[in-house]
Amino acid sequence: MDRKDKARKNFSSSSSSSAASMAALAAAAAAGDGGAALPSPMEEDKKPRLVASSLAPVAGGGGGGSSSSAAVAAGASSSSSSSSVAAAARRGAGRAGGGAPSGGGGGPRCQVERCGVDLSEAGRYNRRHKVCQTHSKEPVVLVAGLRQRFCQQCSRFHELTEFDDAKRSCRRRLAGHNERRRKSAADTAHGENCRHADQDAGRSHQGTGNPPFQIR
């Protein structure tokens, strides 16, 4: 009976110790799961810092993109402003060149070389034909690199070979003018001859009583 009692005691003690060890293991496992599920306050504090640090490069990248876009826009605006300034400078230079005596802008100017007198205040004839009063009467002037003279009949410059001596009208216009004068003189003489003939015929028929025949 003593051996049976001892065996029972040993079994009960071993079973209780095993149960205690199992309970300890279960408690340890439960404690481990709870620690994994519920983070500590220090870990909670670290999380926003990690998130902020992870987002910092992204924000920096966005700022870099905006700064690069701003730099591109600034470069484009500066290039456009420089081109507008250059265009304004070219326009100013063109206006300055047009104001010179040899320029094509402004009012009419004398076409004689080394003259270029402004004819804005000159007479209508001089403005129309682009010649000053002095060079319109000069016997020899230089126009377009040629020795020429202003024709009073054509109102333009001709080379000296088209004039006779010191005449101020070209040979062709003088010939036409002389031809018209001769024709006009011939017509006048013919009319006078006809009129005298009519008068003579009338006087010859006065004694006969017949009316004179007249050509009208």
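Keep in mind that glycine also has a Cβ here, set from the backbone N, Cα and C atoms.
Per Swiss-Prot, the features are:
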BINDING   Cys110, Cys115, Cys132, His135  Zn(2+) 1 binding site
BINDING   Cys151, Cys154, His158, Cys170  Zn(2+) 2 binding site
COMPBIAS  67-91  compositional bias 'Low complexity'
COMPBIAS  94-108  compositional bias 'Gly residues'
COMPBIAS  189-203  compositional bias 'Basic and acidic residues'
COMPBIAS  205-216  compositional bias 'Polar residues'
REGION    32-110  region 'Disordered'
REGION    175-216  region 'Disordered'
MOTIF     167-183  motif 'Bipartite nuclear localization signal'
ZN_FING   107-184  zinc finger
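DSSP assigns Cys151 (Zn(2+) 2 binding site) to a strand segment in the three-state reduction. Under DSSP, Cys115 (Zn(2+) 1 binding site) is assigned to coil, being neither helix nor strand in the three-state scheme. Cys154 (Zn(2+) 2 binding site) has a Cβ environment of 14 other Cβ atoms inside 10 Å. Neighbours of the Zn(2+) 1 site: apart from Cys110, Cys115, Cys132, His135, residues of the same chain with C-beta atoms within 8 angstroms of the site's C-beta centroid are Arg109, Gln111, Val112, Gly116, Val117, Val131, Thr134, Ser136, Val141. With respect to their backbone Cα atoms, His135 (Zn(2+) 1 binding site) and His158 (Zn(2+) 2 binding site) stand 13 Å from each other. The binding-site residues under consideration are Cys110, Cys115. Their Cβ neighbour counts within 10 Å are lowest for Cys115.
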